[in-house]
Amino acid sequence: MPLRLYNTLGGAKEVFEPLVPDAVTMYVCGPTVYNLAHIGNARPVVVFDVLFRLLQTQYGTVTYARNITDVDDKIIAAAKQGDRSIESVTEEYTAKYREDMAALNALPPTLEPHATHHIDAMIELTLTLIEKGHAYESDGHVLFAVESMEDYGKLSGRSLDDMLAGARVEVADYKRYPGDFVLWKPAAAADPGWDSPWGRGRPGWHLECSAMIRALLGETIDIHGGGRDLIFPHHENEIAQSRCAHGGDYVRYWMHNAYLDIDGEKMSKSLDNFRTVRDLLQSYRGEVLRFALLSAHYRSPLNFSAELLDQAQSTLDSLYSTLRSVEDVALDMDVSLDGEPFYAALNDDLNTPEAIAAIHALSHQLHKATEDEKPGLKARMLAAGNLLGILGEDPQEWLQGTTADDAIGAEQIEELIQARQDAKAARDFARADEIRDQLIDSGVVLEDSREGTTWKRG
RNA sequence: GGCUCGGUGGCAGAGUGGUUAUGCAGCGGAUUGCAAAUCCGUCAACGCCGGUUCGAUUCCGACCCGAGCCUCCA
């Protein structure tokens, strides 16, 4: 089944074909480690994690790199503010980032390069750009000369004239042209810096991705992903650096996710309307957050709200209930993904909402299935869940698992259920209902069936 | 101002030139001691105005509204 991806460069869905057959290279812009990741930051992580899983079903080797930006103005500022070392800041937030993303069932990337480990490659890239006449040194800075590139602006669809029309580019007197951007800048004595041909300094924002991609994945990679707001200037400038340094295609498929909105406005650090993943994990399981992020297509804005999360929670509960009802059913090991609606949906530019709809269809069929049909349906449902990174928990544990604020324990619940059974057997329905109401007040829902009474927290 | 992208039923959210998205909520029924869950049925939408077409929510144009980028930001 061919995978089709929407390529920002060109603005259309294209059939995906890796440069090297059976081996895919993918790079996603990772965090600058100076504070906690918010749920908006988690969107690309979850989206590209689904892509990572999907690619692995079709290609023998999938190399997925996600960088850690550990040198940056904001890190320096955070260290100063907290009166602590740069390393202690970056180490703390790198560790927390990994924990938070793991809580969202995101697989670790194949490679997790740190910018500070690749300074040499950045200096080398800068030297090449100077040699080739695309960069110049000025007042201790090295700048990329955007006018030296024929089709600068192609990814974001803007020309140099367009950009100047905005007139909000930083005009600095060391720039030959206002749109030129920094490759290397001088470092203050107290700030982190590395020796370079231009004195002690540090890299500009865009340089690390170009340098690390070349060093780790090669001059041309298949997929480069990130949030929409990175299209310009970040990815545009990466293209400029890499193409001017070593020609060829830098990236074959550019993918950009839309953001999370809060009340119709972008969730962002600068607007201060964000919720951190860590904070949300106090109230919701990671899988609930993940499901919420996947409930809209990645290129559409997604309004983030308590209602969204509550709905994700109840949908997952319902799907896990279905799985619990077939807990004793063996798995058909022979299922094929080909032709599966959820698989077709994901292969169509990661249409996760449609894939979720297909899971609902499987769940629905499972309720009505004959015993013969159940092993196959269950296997298909779990396979779909696995690609989306959901439904992997034990259903019973999912439905009955305790969270921090649950007042009543499983043992006590079982005792009350037995007491209710006894009351029912004695046809004392008033007493039976009383017990059920008591459990509802404790957040426990009972479900009677011929086989007996099951319960879940809800 | 320049460049993008959107406006789908009560809500969330897919998709399509001509028969169902899906989920939640609602309504009717089955089931149940009563519920819950499940099953069956059901209501309801395509911003506005033109154009193309036998036929447009889907294509084209104008308009209105919204969001984003152009400055750190997923």
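Counting starts with 1 at the first residue shown.
The backbone N, Cα and C atoms fix where each Cβ goes, and this holds for glycine too.
TrEMBL entries are annotated by machine, without manual review.
TrEMBL assigns the feature motif ''HIGH' region' to one of the listed ranges (A:31-41, A:185-195, A:306-316, A:416-426), namely A:31-41.
Feature motif ''KMSKS' region', per TrEMBL, maps to range A:266-270 of the set A:231-235, A:266-270, A:401-405. The Cβ of A:HIS234 (Zn(2+) binding site) lies under 8 Å from the Cβ of A:CYS29, A:TRP205, A:HIS206, A:CYS209, A:GLY226, each on the same chain and at least six residues away in sequence. The binding-site residues A:CYS29, A:CYS209 differ in how many other CB atoms lie within 10 Å of their CB, and the one with the most is A:CYS209. Packing against the motif ''KMSKS' region' (A:266-270) from elsewhere in the chain are residues 35, 38-40, 259-260, 304: each is 6 or more residues past its ends and has a CB under 8 Å from a CB in it. Residues in the motif ''KMSKS' region' (A:266-270) partition by DSSP class (helix H, G, I; strand E, B; coil) as 0 helix, 1 strand, 4 coil. A:GLU238 (Zn(2+) binding site) falls within a helix when secondary structure is assigned with DSSP. Comparing A:LYS269 (ATP binding site) with A:GLU238 (Zn(2+) binding site), their Cα atoms are 23 Å apart once rounded.
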